Amino acid sequence: MSQLDVLIVDDEESIRNLIAANLKDEGFNPKVAANSTQALKILSEKPVSAVILDIWLQGSEIDGLGILEIIKKRYPLMPVIIISGHGTIETAVNAIKMGAYDYIEKPFNNDKLVILLKRACEVTKLKRENIDLKSKVIDKTELVGGCSVTLKYKMEIEKAASSSSRIMIHGKVGSGKELAARLIHKQSKRVNNPFIIFSPTCMTTEKINQELFGESEKQENNTKRPTILEFANNGTLYIDEVSNIPIPIQVKLLKFLKDQTITKPCGKNIKVDIKIITGTSKNIQDEVNNGKFLEDLYYRLNVSSLKVPSLYERKEDIPLLVKYFVKQLSKFSGLKERNFADETIAALQSYEWPGNIRQLRNVVEWTLIMNPLTTGNNEIIKPYMIPSEILANSANLTKLEDSFDMLSMPLREAREVFERQYLSAQMSRFNNNISKTSSFVGMERSALHRKLKLLSLHIPPTNRINEEEYEEANA
């Protein structure tokens, strides 16, 4: 089985070490924590596959149930098995209601814990696969949006599709690298042939080797079935997060790229014809410099490069994206279609979206689920209905000076404070595009320029739309 990270949280060192030793023997990679501070620090650095959590933690700021609550908020799919030597039926019921996978009393049988842990990980894996499948059904191959950044991006995809060269897609997590790969395949001459996705993340070296080349350290696992490279023959293979491939497999992949020939464990050579597209959210050049990625392999995969714009760069597409996600969620998940109020869209446009398109889709889905229709009418989604963290972090738009503070100011000063914050928020919303901001706020471009200068609001050079606007705004 793949080596899965498991966090063990228990204030008794002997129990932590005993569970860790047993799990290591079973092929898991255990991590240990004695209190809430250590546990949450480990999770923030890298989420684990499962957590074994004691309820009563002496010397801990937060008890087990408190940690469970935090885990379920931050990592909803992460399975948590509660252990306790002082538990009651009521405690067990509360833990399950809060989202724990199961509850087991100390002292417990090690075999029982391992079976429970394996089952929890398998159930979670199936849930993730189901979510991924639903996401693929919904997103498929449609790039929604019409802003200048998106139109330019669509043209770059068309050019990439017309080329037979290998392509490396660079983009932040959730920005849509897989969608770009699908679009390239869809617009290429290989459209009627297979499009295969391979994600090495969370796979062991042996598993990757077996999937790509059909080889395994265990002779009985040397499969006769076609490998992923064979399945992709005459089509397109998309390797997601390619930097996660271990060096030994990188060497084999490099050898394969030279002549696109697979040598099966039986000794048979198979020639294939595959367009290879790779995706990465990391700076591969840095990985090369740090000895984590083969330089020769990087150059062979990065023949053509495509950068996926972040949602922050495509804020003007948010109204269209929201409508698209609402329709798709209504169609595939049975959620009722709703309209988002203009002020709600404005709040969404003012958020920075570190999770990009994927995060926006999740926010739209969460909003529809948590705000069911109370009447038969299409109730408008108001700002207070979207997640509070979106409102709290929206750039300035929801942070206008408190009205009580303004009451203590003279009219001229209060008006200046409001205008500065209002225009700063609108400029951020429209990505510092003077033309679109002036159109929305109802001012002439020249008047807006003067007002920005008067309020000492400067357009950052890195975000300006063009040189003319920048020079005019900051003259």
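Backbone N, Cα and C define each Cβ position, glycine as well.
Over in Swiss-Prot, the protein carries these features:
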type	residues	note
DOMAIN	5-121	domain 'Response regulatory'
MOD_RES	ASP54	4-aspartylphosphate
DOMAIN	143-369	domain 'Sigma-54 factor interaction'
BINDING	171-178, 232-241	ATP binding site
Other CB atoms within 10 A, centred on ASP54 (4-aspartylphosphate): 26
In three-state DSSP terms, the structure that LYS177 (ATP binding site) belongs to: helix
Close in space, distant in sequence - THR236 (ATP binding site), Cβ under 8 Å, 6 or more apart: ALA181, ILE184, HIS185, SER188, ARG190, ASN193, PRO194, PHE195, ILE196, ILE274, LYS275, ILE276, ILE277
Chain-internal residues, separated by at least six, CB under 8 A from ASN233 (ATP binding site): PRO194, VAL272, ASP273, ILE274
Rounded inter-Cα distance in Å - GLY174 (ATP binding site), the residue listed as '4-aspartylphosphate': 34
Stretch-averaged pLDDT - the domain 'Sigma-54 factor interaction' (143-369): 90
